[in-house]
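So that you can see what the record holds, here are the features copied from Swiss-Prot:
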type	residues	note
REGION	302-327	region 'Disordered'
COMPBIAS	302-317	compositional bias 'Basic and acidic residues'
BINDING	ASP532, GLU533, MET534, GLY535, LEU536, GLY537, LYS538, THR539	ATP binding site
MOTIF	681-684	motif 'DEGH box'
Amino acid sequence: MSHIEQEERKRFFNDDLDTSETSLNFKSENKESFLFANSHNDDDDDVVVSVSDTTEGEGDRSIVPVRREIEEEGQNQFITELLRIIPEMPKDLVMELNEKFGSQEEGLSLALSHYFDHNSGTSISKIPSSPNQLNTLSDTSNSTLSPSSFHPKRRRIYGFRNQTRLEDKVTWKRFIGALQVTGMATRPTVRPLKYGSQMKLKRSSEEISATKVYDSRGRKKASMASLVRIFDIQYDREIGRVSEDIAQILYPLLSSHEISFEVTLIFCDNKRLSIGDSFILQLDCFLTSLIFEERNDGESLMKRRRTEGGNKREKDNGNFGRTLTETDEELESRSKRLALLKLFDKLRLKPILDEQKALEKHKIELNSDPEIIDLDNDEICSNQVTEVHNNLRDTQHEEETMNLNQLKTFYKAAQSSESLKSLPETEPSRDVFKLELRNYQKQGLTWMLRREQEFAKAASDGEASETGANMINPLWKQFKWPNDMSWAAQNLQQDHVNVEDGIFFYANLHSGEFSLAKPILKTMIKGGILSDEMGLGKTVAAYSLVLSCPHDSDVVDKKLFDIENTAVSDNLPSTWQDNKKPYASKTTLIVVPMSLLTQWSNEFTKANNSPDMYHEVYYGGNVSSLKTLLTKTKTPPTVVLTTYGIVQNEWTKHSKGRMTDEDVNISSGLFSVNFYRIIIDEGHNIRNRTTVTSKAVMALQGKCKWVLTGTPIINRLDDLYSLVKFLELDPWRQINYWKTFVSTPFESKNYKQAFDVVNAILEPVLLRRTKQMKDKDGKPLVELPPKEVVIKRLPFSKSQDLLYKFLLDKAEVSVKSGIARGDLLKKYSTILVHILRLRQVCCHPGLIGSQDENDEDLSKNNKLVTEQTVELDSLMRVVSERFDNSFSKEELDAMIQRLKVKYPDNKSFQSLECSICTTEPMDLDKALFTECGHSFCEKCLFEYIEFQNSKNLGLKCPNCRNQIDACRLLALVQTNSNSKNLEFKPYSPASKSSKITALLKELQLLQDSSAGEQVVIFSQFSTYLDILEKELTHTFSKDVAKIYKFDGRLSLKERTSVLADFAVKDYSRQKILLLSLKAGGVGLNLTCASHAYMMDPWWSPSMEDQAIDRLHRIGQTNSVKVMRFIIQDSIEEKMLRIQEKKRTIGEAMDTDEDERRKRRIEEIQMLFE
């Protein structure tokens, strides 16, 4: 190394060395900016460049007089354009170029080329090696570089700089790091830009919609380099643009003043810039006071929801849910959040993992002398670079790595299954709670009280009150403020506006929130999800919480109205947003399906042991003013029970603006108060966030919120999003955040990451126990009697077989043609209709042509259903003729005449006896006559026929041994409804289905072995329930069985009456409840019954499991036997295989509607294999 270079290095770092030289030689690595400190090139590779001091006043040269002088003389368009490009051009040169090139077609281009060729003696050279590398420095990556480490020997004259001023409403800003950024010139300059010149970043002035910049998944679909411009601050003139990766960071952040940037030119090779040339900037980054200001979350949230609710880009993709789609505002919010993540990564800001160590290190730095750093010392620089790279992996904040392990570790430590087993048991006071809780329910009560931070009322193990007391919210990270290494602080000793001497700041980079105060865990939402398996007593558990903590202890006896809690849901009209709603601090609102309203009411009565507490059923206009009842009376109800339908109706009325301002102020409905606690039962009912029901429930306001559901996921993982949103779990309730960490990985088939994130989100707020779990002593949580599920496979009846084969042929042709042409998805609706028909035939031929409101495959306006009606009617007639008219007309008349001779009047039928069972007299409604004139019970005769067929024996009359035919039988029917006269008619076996025949047989066997049993029969088709009701009523007399039917067509009063009557044991006769799987598959307590029959399979096995668990749950004392009727060699057997597949891989694997359809197509192909 030369003596001159050694001397230069000493002068750079030592104030005591002086010189009178007017020029300073420095390396092309531009070591006057600390950003080049990590360079460690060999001396031989260094390029020495001479930069002369600028003549005094040259930087202030003005072009305004030249322009004004030319304007006075008049100018043409050529001169205007020329001065716009090169405003510094002298007047004589402007006029010369105008005279030479002004009249030519490409004159402006020729003039610029001539000017740059003849007015610059500086040759173009390359930028130093690797200019695109973004070298960064902040105090977190290299604390040894401080402003005091640099001692320039004299004050240099830098390029033009404005006096630094804070933006509007910004009170301070603080340095967080700097980037070395390579710019590309988009306009030429007349002379070299001076070192230290201040630049400015601007966004494109053109208003661009977020949808043009980002796609629906938040991914960039347009170049951002063209949207961020670099301006010379002296002339406010664009000179260049930044690279794409830097523009992706800057573009979203330049829209506000929360992040501030100072841009300084640090290298342009001491030459004028031509279009396409590169130059290097130092980008100093600051956080301003605005980003730390406490935000009006209620207002922003309301605005976000309003936009979301009315967004026209959100499309309905089917009945099973909708793909989550972001609004413009949500896309912009996500882009800003991602930009923050990338910026912190670029700056290599590391979160503080040990605050105590960070404080000790900070004290050492304050007390130590400034260190002189030799930038030319390769060993020192390489060590610093190594340290930076070793720490780089710790500074990745983007969502791909997301530092999820730390989050999951915390959650698992706080809410692992082992920790749940060791939870203390809280016993409710006998003064308020009448029932006896099981041990796991007492532990659950402890967990729920802790979730509501009612530590004084929960059993203590010495740790509860301290849990999370001073622990930082795991969604946030702690950072140490770096020393100010900005260019202005380093070179101009310019102090930025100071903030109070804080050492740390806190950031939730995933939500874009910042704080100067430590965000502790207690700020998290009160409430959670109780997701115990069906039958473990979620209703009783909820009431144990409500009665143990019936009111808000922070408010009761202090004030009646919560003035501070005035947030109004943004789903309501804007006229509501300024109204302060009273706080019902003593009331819990419980929202349930209508079918469970009576059950919840009865359960409260059973559980409540306090005369001071009561409940109110808010249904059917029974309360004139709910607001008055809850806030203006001394003893408001402890619980208000209502239904999803009531919530939806009130929200719809208000949200459509039907109420005036005055009406709103005196409104007395559910939205007129803020509740202390809100509990929603069967919470999966709000899983589709675009439905009216979901929006209505979201609009309810409460301090504590609980969701009860045994099946939080029905069809898609995104079903959980609505539960998270209802519970206000930040930042997960922000759709952009949910999409980034859950939906997008899931759609990308990265199931493990998506489920890991979901587990991390839900683990602290979700409690789930199953019947198979054991307590700390190894005993089952609940001792339930055994449950037996039997599949009974049945053959088709002859009429069913004929129908099924005809429909199967048509379905196979449609499916195979779709596969051959590759348009199977386009035939999706048609195929569903074919499948529906096949399923209906398996149940009963009478279902053919019906369109059931409960069927999941069809919408109510599906035209394909009705289009097949004529064809199916024709087919049914063919079947009827084939099986019912086995007699010719002459044969039928002759047989009837022979029977009339034997049985001339009604009295002759009174002595009829069945030759098989010897019953006398027979029930004439069930009597069948053979051609030989002998009579038998319908049931006995067909059992005989079935036995003979199974043995491949011929059918002969049990009496006379003459040949008989099952299709040539006669029955007795009344001539009309008002007459008692009986006549013979052909018996129609086509009206019987295999399942109904088998059901009747099973019910008769049960009646014979154990009279007085209560039986539940499930079907998803309400039309099938009608047929079953008719068959059962016809088969069993009122003395033998009582038939009930429960489906969606019943009113609340009728439902209550049916369930109450069915629950009463009658030892003299059988009670049979026909139950719609959709109306009664969840929530109902049917432990009074111990026998169930599933008449048809459901696509989702979890729905069937829920239905069975209506019987097999707490309170059941008998063994439960379930029989599933399946037609062999039919579509139903293949549906069983699909169910097993779903049980194996989980039902949450459907991502969006298109993905769900593709999976269903795979299932369809399985059905027709």
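Glycine is treated like the rest: Cβ placed from N, Cα and C.
Within the motif 'DEGH box' (681-684), the DSSP-based counts of helix, strand and coil residues read 2 helix, 1 strand, 1 coil.
For the recorded site, THR539 (ATP binding site), the DSSP three-state label reads helix. Cβ atoms within 8 Å of the centroid of the Cβ atoms of ASP532, GLU533, MET534, GLY535, LEU536, GLY537, LYS538, THR539 (the ATP site) belong to the same-chain residues ALA541, GLY710, ARG1113, ILE1114, site residues excluded. Neighbour list (THR539 (ATP binding site), Cβ cut-off 8 Å, at least 6 residues apart, same chain): GLN599, TRP600, GLU603, ASP681, LEU708. Proximity of GLY535 (ATP binding site) to non-local residues of its own chain (separation of 6 or more, Cβ distance below 8 Å) is seen for LYS771, LEU784, ASP1109, ARG1110, HIS1112, ARG1113, ILE1114, GLN1116, given in sequence order. Look at the Cβ of each of the binding-site residues ASP532, GLU533 and count the other Cβ atoms within 10 Å; the largest number goes with ASP532. Cβ-based neighbour count (10 Å, all protein chains) for LEU536 (ATP binding site) stands at 26. The Cβ of LYS538 (ATP binding site) lies under 8 Å from the Cβ of LEU530, ASP532, ASP681, LEU708, GLY710, each of which sits 6+ residues away along the same chain. Cβ neighbours within 10 Å of MET534 (ATP binding site), excluding its own Cβ and spanning all shown chains: 22.
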